[in-house]
Amino acid sequence: MARIQLYVAAACAVVLALAAPALAGDPDMLQDNPPHTHPRATEIIFVLEGTLEVGFITTANKLFTKTLTMGDVFVFPRGLVHFQQNRGYGPAAVVAGFNSQLQGTQQIAMTLFGATPPVPTDILAKAFQIGNGEVEHIKANFAPK
């Protein structure tokens with residue numbers, strides 16, 4: 001499966017002056033952009049190349065998904081958990097923008113299972129309805145290297 005990469009176009013003073021930092025995709029970094037949130041910004045993406053499956057989850061726990069291809073635009077509302085996945089068999093490239101210079105990014109899995117100090121195992125076990133051993137196994141995948 002092809003990959004997508006995002007990088008900040010911080011050097012573009014005009015974009016920064018508009019409080020809309022831009023990101024552009026390149027086919028060499030990652031396959032997926034796993035569930036995450038931007039607590040201080042709405043994100044908009046424009047697909048330059050490839051096919052992406054994108055989605056976000058509302059505060060009512062409703063999932064909205066869409067398959068995007070070249071020329072499509074999608075908006076992720078501020079603070080909502082969302083994701084992107086390259087569903088094609090070639091590279092995917094996107095341009096993304098935020099309505100804040102300090103959008104923040106919080107990766108959901110890393111936030112819960114890789115926090116320092118760690119979130120108590122019993123709290124995560126109860127939240128995910130799994131055993132303490134399973135939580136510890138997941139936490140081990142997010143431990144600092």
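Placement of Cβ uses the backbone N, Cα and C atoms for every residue, glycine included.
Here TrEMBL flags 1-24 as signal peptide.
The domain 'Cupin type-1' feature in TrEMBL is assigned to 20-136.
For the recorded site, His38 (oxalate binding site), the DSSP three-state label reads coil. Cβ neighbours within 10 Å of His38 (oxalate binding site), excluding its own Cβ and spanning all shown chains: 21. Per TrEMBL, the feature oxalate binding site maps to Asn33, His38, Glu43.
Counting every protein chain shown, 24 other Cβ atoms lie within 10 Å of the Cβ of Glu43 (oxalate binding site). Marked as Mn(2+) binding site by TrEMBL: His36, His38, Glu43, His82.
Secondary structure from DSSP puts Asn33 (oxalate binding site) in a beta strand. His82 (Mn(2+) binding site) is 9 Å away from Asn33 (oxalate binding site) when you measure Cα to Cα.
Local packing around the Cβ, expressed as the count of other Cβ atoms within 10 angstroms, is greatest for His82 among the binding-site residues His36, His82.
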